[in-house]
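*Asks:* Below you'll find the structure I mean.
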């Protein structure tokens, strides 16, 4: 799901994030914010694409594979199933310079987050619904370490983090500087289940990143956090609709994209 967001928010849902860099081009996946994208997610798309190419070569795009795999992961984890339109073409461009400013960062303010999502056509409510996808998965300790160890000159730990939660995170992330792979679940209560517990955690002071916590601090977003925390069915409905909208952002059609033979490389080596 994180791979899907990183793809769709930069130039649309076109599998541009799957491209590997080469001597001609530094691709999106090498951007600093994409360094923490899970390798097994890339592997899932690659394996699915290889299987499809053996059965029906040149028919299914990598971007369609990623969109469907994301929907299926969410449903398999207990979340909503939603409609995925098909027929995307894969991008002809993937540049590291396109990433900055297009993917939300874990330390951004609520004003910055709202501006980013509104620029891409999403309402504040849709943004809060999409953030609910953090009910599964994990975050790298580097993304929230400042809240634990370097919050301010007078206080090492953000006093608004649930104290027991903060202590547990400090233990999990104690060696984050030496071990860049150190991470924590975004939802420590039901990390493998897609549900509305993420929002309930926010209300308990258990938001992992500064951006997570900002959702519950600002009245423009808190009302939706409270609404989804108390109504999982509504969250599922709104999340599914927002994901449908996300999945068709700036899709490439004939003449503007290609059907890649491999998901990590353009069909032309000179791209």
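Cβ coordinates are placed from backbone N, Cα and C, and glycine is handled just like the others.
Just lifted these from TrEMBL, have a look:
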- 7, 10, 12, 14, 16, 28: Ca(2+) 1 binding site (BINDING)
- 104: substrate binding site (BINDING)
- 135, 187, 190, 195: Ca(2+) 2 binding site (BINDING)
- 8-13: disulfide bond (DISULFID)
- 62-263: disulfide bond (DISULFID)
- 141-173: disulfide bond (DISULFID)
- 1-267: domain 'Plant heme peroxidase family profile' (DOMAIN)
- 2: site 'Transition state stabilizer' (SITE)
*Asks:* Whole-number Å distance between the CA of residue 173 (disulfide bond) and the CA of residue 7 (Ca(2+) 1 binding site)?
*Replies:* 28
*Asks:* Cα of residue 195 (Ca(2+) 2 binding site) to Cα of residue 2 (site 'Transition state stabilizer'): how many Å, rounded?
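*Replies:* Residue 195 (Ca(2+) 2 binding site) to residue 2 (site 'Transition state stabilizer'), Cα-Cα distance: 17 Å.
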*Asks:* Spatially, which candidate from the recorded positions 8, 10, 13, 28, 62 is nearest to residue 135 (Ca(2+) 2 binding site), comparing Cα atoms?
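*Replies:* For residue 135 (Ca(2+) 2 binding site), the spatially nearest of the recorded positions is 8.
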*Asks:* If you average the pLDDT over the domain 'Plant heme peroxidase family profile' (1-267), what number do you get?
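*Replies:* A mean pLDDT of 94 is what the predicted model shows over the domain 'Plant heme peroxidase family profile' (1-267).
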*Asks:* Across all protein chains in the structure, which of the binding-site residues 12, 104 has the highest Cβ count within 10 Å?
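*Replies:* Most Cβ neighbours within 10 Å: 12.
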*Asks:* Among the binding-site residues 7, 14, 187, which residue has the largest number of other Cβ atoms within 10 Å of its own Cβ?
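*Replies:* Result for the most crowded candidate: 7.
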